[in-house]
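Chemist: Just passing along the structure, written as structure tokens.
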């Protein structure tokens, strides 16, 4: 047995010969075996890949039948190699066209990660075949290529369509000829991943609206103020009324600042007049137009006023920045070292998205101007976001990316485990919510990102790298180690931190999705000037078209939700009456006072259910219909249950007014409802009621102020009810 001193001397001699010395411990009687080192030391002292280890036995050949192919680097002939498919049969078809291997280029050199570790991370278990150079005649060019790839952590790349085949130089226990593993990956992905893995860098994708900012135009301010005012009119709870009143006050205060900015290019903030600063927007590559925007920054309010189109004052926007954004931003680029490559994925209009990001990253430290066009990704409203689409240019693999968004369901299902969901930013509804927790929302997101990065590269260094250094040409595909995934480490550090919006604002606080384009280019205003078709659809989800004519004076598209247009109240009320075989009447009178006013009553099967007063007959009619629907609201879902096939104790009751739907809330002295005997007409109606289900579901969707999915949850309570064919559902 060699002493420690002689072993050290042997190692020094090995390093003196280019780091390819052979270091063994001879312990008779077993055959000699190579000494195992920790991964970093093994990288320095690993034996020459072409020198056989004494006493080693030949391994079994790979499965499948070998094919002989000629190898080229460009047009330079390198030699011939035997190619062994990994899988037998048709699945093991060789990927090289024309039965030749033509290398186009070498991959970028890697400082610390061998090519196989990179490929296993971005394309796990993608080994297509193994190559082994023929021993005779000798091919010095192929031998030099092999040593270059092995020593410099490079791979030889064969481009086939939109796929790259990377030939990875592998050490061998037996063979004295160059040996390669061939792995496939999407074009460009390897080159982008080399730098990220060497620098210990991942990717992070941000949503904008209600995640990092809330933005409003004059029209969106007015829409939300009007919507809240209507809700206050029907709210009885004094606490809620006080909350709505304070929320409206905050909206009005910021609306007045925006109006002053539009009119005078100044704002008065706490008695101080603040003028605009002309901020030049640096043109992106290929864009020659110089753009200068008027901008007012109000740090004390965490707000910025800007103008998307400097020539059109109506495109002015009031932007609220989420607190602690500076903390998160500084972490991403601390000490000039990039911890994350930053991307943006939003459903907003592109010019708006680019300006909002410029306000968030004014010095272009997170996304350089050269990359801005590719890294700000705008998704069509209503479609799913996906990391595959964000990285469509091969800039990163989805396994190496995390997402910060306030909504989970807008992401493709296969990406949802990589999304860190933050509560929607609601500066008007709950201005103190951001600071209610000991750690602000974006600081929690920063800590989550830090933990994800640490966990990912701990697995990469301690497991994947270590095992890759031990692999030989003779190993099988299943010997490859597990590759880390960002989703494995995306766990919130604070167990009390809400992962979803349990108590979101009743209405979206700012523009989002398709609303941005409508508000900024004037389409919403144009719609205000005319009657539009009733097939209005929200931007984020499919919806059943609404019957009837829509007066669009108050159309309020806001991304994922849509408030009911006032004149729809009349149409929907009439539709409910039609479905219930009940007559809906509107009776109007004119007051005899000095101020002319119209009064309208709504009768449902000759019973009064609402009234309204207005300066015009139409205004009074809309108000009466709205109040009628509000009066029906408390009874609607319970009495519509038989139509959905639900049987319970209350469904056998009919109301005194005989319309089969409404209960008379105006006079409820005693229960005079009649119980229908078994086998009566109600059973005969069951089939027709089920046929009406699609229409009723359509009405439910129209009546919901928030755009939600209708879901039936099975509520079977016990086996007895099930055996009696009685089912309970919660809608």
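Using N, Cα and C of the backbone, Cβ positions are placed for all residues, glycine too.
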Chemist: Of 503-523, 524-544, 545-565, 566-586, which span is tagged region 'Disordered' by TrEMBL?
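Modeler: Matching range for region 'Disordered': 524-544.
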Chemist: Looking at the ranges 654-690, 691-727, which is given as region 'Disordered' in TrEMBL?
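Modeler: Going through 654-690, 691-727 one by one, TrEMBL gives region 'Disordered' for 654-690.
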Chemist: According to TrEMBL, which of these ranges is region 'Disordered': 1-29, 30-58?
Modeler: 1-29
Chemist: I'm checking region-level scores; what's the whole-number mean pLDDT for the domain 'FCP1 homology' (197-445)?
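Modeler: That stretch averages a pLDDT of 92.
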Chemist: For the domain 'DRBM' (568-634), how many residues does DSSP put in helix, in strand and in coil?
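Modeler: Breakdown, helix to coil: 30 helix, 22 strand, 15 coil.
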